[in-house]
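Engineer: Not my notes, these are from TrEMBL:
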- 20-40: transmembrane segment (TRANSMEM)
- 60-78: transmembrane segment (TRANSMEM)
- 98-120: transmembrane segment (TRANSMEM)
- 265-286: transmembrane segment (TRANSMEM)
């Protein structure tokens, strides 16, 4: 029994073809939107590429860009097919193409759904990439004279100022690394030498942060050195007083920023998927209705259209059997007594069925 069978008159078939022709052109625009969203996300990721570890973060924008391009091509072809389907004679040229087209379009719409879901499931990969990238960027913050790292200081400073953040997880991350270049350390100073000797790795560690961590909205001058030393500053208690530097880590700030972008893209992709799915359902109805009207031979009469010719279970079993039997047509059975390739070929009797056997005369 057909699933969701609908009866179409010639007028309804013509209107459906015209509507689908328009909707396919709208779908071309939706493909451009997907391409633009993927390109925008790729550019935003590229902007902070220096503070991100190499990983699968670019897989989502690359997929959106690819799906957007494919959407433009498929929907452009779909518009041409639907336009010709308003004429039964022109439909004949697309008769064998429409079913493969519908199957390919279904797979394509499934890719849109996967892309939309990826916008909500890539948070962990993005967080790990940001954590590793920011850790290395902060580690090499002082290396302004080394090729490949000389711009990291500016990148990190602009990042902390722009996103109002400090460090990877927080401002204390700067306490654990030497972020002051050795060229700016006074090696004649006893304090500097004592700090270098007191550290096992010989690093100059201070409880301070770069200037880019300062909050310009703070009412008091920025305290960026000796943050944990209450006696070093007047009327200051780092445990109770709100610090005048940014307390949010840059990983959290960037993660919130990209998560908001990907959620918006995910919502847009879901709407596009629903729209593409509705267009695909309409094309399926048009294809079955036009196919049946050709079988009936009355181009002006009514015809039935459906989503599936048989029930979901029967259709699933049929397709599973096709998949199972793929490649078996040319196989030869290796069972004992069954290895003759002509075993199933019937012998043809050219003579009479009842032939009297003559005795052979003795010599």
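Yeah, the Cβs are placed from backbone N, Cα and C, and that goes for glycine too.
Each of these features: where is it, how hidden is it, and who are its neighbours?
Structural biologist: Non-local neighbours of the transmembrane segment (265-286) in the same chain are 6, 8, 13, 16-17, 19-20, 23-24, 26-27, 30, 33-34, 37, 41, 64, 71, 75, 78, 81-82, 85, 98, 101-102, 105-106, 108-109, 112-113, 115-117, 119-120, 305-307; each lies 6+ residues outside the stretch with a CB under 8 Å from one of its CB atoms.
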Engineer: Residues sitting near the transmembrane segment (20-40): Cβ under 8 Å, six or more positions beyond its termini, same chain?
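Structural biologist: Answer is 60-72, 75-76, 78-79, 82-83, 85-86, 112, 115, 261, 265, 268-269, 272, 275-276, 279, 282-283, 286.
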Engineer: Would you mind listing the long-range same-chain contacts of the transmembrane segment (98-120), meaning Cβ under 8 Å and 6+ residues beyond its ends?
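Structural biologist: Contacts with the transmembrane segment (98-120): 34, 59-60, 63-64, 67, 70-71, 74, 77-78, 81, 262-263, 265-266, 269-270, 272-273, 276-277, 280, 283-284, 287.
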